[in-house]
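*Asks:* Quick paste from TrEMBL:
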| type | residues | note |
| --- | --- | --- |
| BINDING | Asn44, Lys60, Glu114, Asp115, Leu116, Asp249, Pro250, Glu251 | ATP binding site |
| BINDING | Asp232, Arg339 | substrate binding site |
| DOMAIN | 35-270 | domain 'Aminoglycoside phosphotransferase' |
Amino acid sequence: MSLSPVSSYQPLNEQTVKELAFKLNFFEEDADLSCQEIGDGNLNLVFQISEKGKNAIIIKQALPYAKVVGESWPLTVDRARIEADALKLQQIHAPDLVPQVFHSDELLAVTVMEDLSSLNILRTGLINRNPFPYLAEHIGTFLANTLYFTSDYALHPFKKKEYVKNFSNPELCKITEDLVFTDPFFNSETNDFEEELLPLLKDLWNNFTLKLEVAKLKKSFITESEALLHGDLHTGSIFADENQTKVIDPEFAFYGPIGFDIGQFFANLTFQAITREDTEGKEEILTILSDTWNVFSETFSQHWQESGDAYTKVNGYLEYVLNKAFQDSAGFSGCELIRRTAGLAHVADLDGIPEKDKRLNAKRKSLSLGRELILNRHTLSSIGELTQLIRKHSS
Ligand code: SR1
Ligand code: MG
């Protein structure tokens, strides 16, 4: 078979992916390779290929449909190009915080990258109560650097618009528009919830003040091309251990409002604040959340001093930008809490609770906290007020 950077698209399997690895000269001709498909995400194939005693590589391939649903949900493989380009840009601005990309191929929708399997998926690590002492510093820095240096505050307007065009990602954005911002707030077919949650969900579906606020957040997501977002920054998109943090999977990357990535990360941390039963465990999460914000806002503010845009010298503009990002992040976080609880694509933090009563209790807290964050985001003026709101609803 023909497999090379100039071949046409074909889904790989454990045999053909080894042939590709040889063809791309990642291994000597006679190497005895082992290969496993290890993808546990919703959309792609992920192959880990190794030769005994040597570092493994990862070959990730986008499928032309959403794996989580099946071939009935076609999906562009252009997301592989977007992911590879986003990783390369993030590598420049946040070196050490993303995997190294060794090779990418648009036609095959393939990215070859560093194997990170010595680290844990953060969601699993948090559920298992592993310590992540550098998480806040690393994610706060990742957010500040990737968001600032891809924005108009840092870039020449021509460069910024070139990036906006390159990272146009309509199909993946539509998934978020539907699954995060629309479906969970209506009685939609894609929703997925235990019947005991129906009364609470009906309250959400009938709450028109809430719907108006979600409409405003969705409008901001669709229309504000402020910075290059990761676009899906949940705790399953991060590998970490006690020393390292690597942000993976930016296939949802596009130009959007700064608060979106921050809000998704906050929401996915918040599931742990809700599900941990001991105060110490909950407080550990709230500290990570507030430290992340503090590192983000301090680092972003330092970068801002170097901006060439005359308006960045105007008193109050930086505070306006940060305050908007903060309040938006609370609202986006509320949407993410609700969609991961009752929409499509749940999280193990909640669904992994074996006792039904405890699971439902945690889900009810997620739904009501989500609603409060969306409705009251404009009343929040500090990270302490946000963590206090989360504390109140998660105890
Ligand atoms: C059909 S994709 C479902 C979800 O998985 C991804 O990780 C995104 O969060 C998306 O919304
Ligand atoms: Mg993903």
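Glycine is no exception: its Cβ is also placed from the backbone N, Cα and C atoms.
Remember, TrEMBL labels are computer predictions, not curated facts.
Tell me about the surroundings of these features in the structure.
*Replies:* In sequence order, Gly41, Glu83, Asp232, Ser237 constitute the residues six or more apart from Asp249 (ATP binding site) in its chain with CB-CB distances below 8 Å. DSSP classifies Asp249 (ATP binding site) as coil under the three-state reduction.
Neighbours of Arg339 (substrate binding site), defined as other CB atoms within 10 A of its CB across all chains, total 26. In the three-state DSSP scheme, Arg339 (substrate binding site) falls into the helix class.
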*Asks:* Tell me, how many other CB atoms lie within 10 A of the CB of Lys60 (ATP binding site), whichever protein chain they belong to?
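*Replies:* So the Cβ neighbour count for Lys60 (ATP binding site) comes to 24.
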*Asks:* Could you say which of the binding-site residues Glu114, Asp115, Glu251 has its Cβ with the most other Cβ atoms inside 10 Å?
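*Replies:* The most densely surrounded of these binding-site residues is Glu251.
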*Asks:* What's the CA to CA span in angstrom from Arg339 (substrate binding site) over to Glu251 (ATP binding site)?
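*Replies:* With the alpha carbons as reference points, the distance is 19 Å.
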*Asks:* Could you tally the C-beta atoms, other than its own, that fall within 10 angstroms of the C-beta of Asn44 (ATP binding site)?
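*Replies:* Around the Cβ of Asn44 (ATP binding site), 21 other Cβ atoms lie within 10 Å.
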